[in-house]
Amino acid sequence: MKFDLKQVGMAGALESLCGQAYGAGQYQKLGIYTYCSVISLSLVCFAVSLLWIFEEKFLILIGQDPSVSKIAGKYSILLIPALLAYSIVQSLIRYLNTQGLTLATLLSSFAILCLHIPVCWALVYKFESGITGAALSVGLSHWLNVIMLLTYIKYSSACERTRVTFSLEALQSIREFFRFGVPAAVMACLGSLSVEMIILLSGFLPNSKLETSVLSICLITTSLHYCISYGVATAASTRVSNELGAGNPQAAQAAVTASMILTVVEAILTSTIFFGCRFVVGYAYSSDKEVVIHVARLSPLVSLTIITDSLRATLSGLIPSL
């Protein structure tokens, strides 16, 4: 989703703040920083929501197809309820990950995925609600994820040391949160700005339907692979911030080295497999032979993107934790 970059980037401040606080044994600060993150991201959500309301007019202003702009604008407005839930989810995930409680977030995400697929299908196809049903299913999934994670945090003994009640100290930490969060958000947005611009410009090409379809397939493929890189980056960020907070710079350096080696090996292996399967990958998305041929032609660039994107993802995860 399009608010991923802003929210994930801003919540990345917790990787540094909570990670080092946990490593230093300042457990209650994790809860305080998490409250601060939820409040800060809620303010950002309000600002983003105002932009989404006028998205249709903006797209038409820059020359996009009016019918497509209308649908995109409507979908953005319908996604606004999911925006706040997503920001809370990202804050809670960082809170748990910095304590090494990744199994909880994994099980929660898996449960939500299993629920989201049939609900989305029912709303879109069974009740024929189209993009309205798709947006509602996204919002429902995120809010259920919030409830599941909050329930785990409240009743799990693993969170007992870091579980605190709300205090004014959370408000006092907002400035510090933005000091870390804004650069992280800008870094995340700039990392994908070129890709977004390519998609936008593809709408002006003569055969825009074909070009947009091919680009979408390539971007979906790299996005799926990015999940692996993001997982490595999250693990590395947690380990590095914990070790730095505990005053173990040598252990942190070892974690950085290990994560980079793992990233390079995995990226080379994945890009090689993708290039070898370049003539069949397109059929996973489309039965149009012309689309498949164009995907195969772009496979060398996609393979290179997989490698560079993996390195960028890992480094982007490591930098905020330092």
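The chain as shown is numbered from 1 upward.
Every residue, even glycine, has its Cβ placed from backbone N, Cα and C.
These come from TrEMBL:
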TRANSMEM  32-54  transmembrane segment
TRANSMEM  75-96  transmembrane segment
TRANSMEM  102-124  transmembrane segment
TRANSMEM  131-153  transmembrane segment
TRANSMEM  177-201  transmembrane segment
TRANSMEM  213-233  transmembrane segment
TRANSMEM  253-281  transmembrane segment
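Same-chain neighbours of the transmembrane segment (131-153): 1, 71, 74-75, 78-79, 81-82, 85-86, 88-89, 92-93, 95-96, 104-105, 108-109, 111-112, 115-116, 119-120, 122-124, 159, 163, counting only residues six or more beyond its ends whose CB sits under 8 Å from a CB of the stretch. Comparing 32-54, 102-124, 177-201, 253-281 for CB pairs under 8 angstroms to the transmembrane segment (75-96), the maximum falls on 32-54.
Long-range contacts of the transmembrane segment (253-281) within the same chain, counting only residues at least 6 positions beyond its ends with a Cβ under 8 Å from a Cβ of the stretch, are 217, 221, 225, 228-229, 232-233, 235-236, 239-240, 243, 292, 295-296, 299-300, 302-304, 306-307, 310-311, 313-314, 318.
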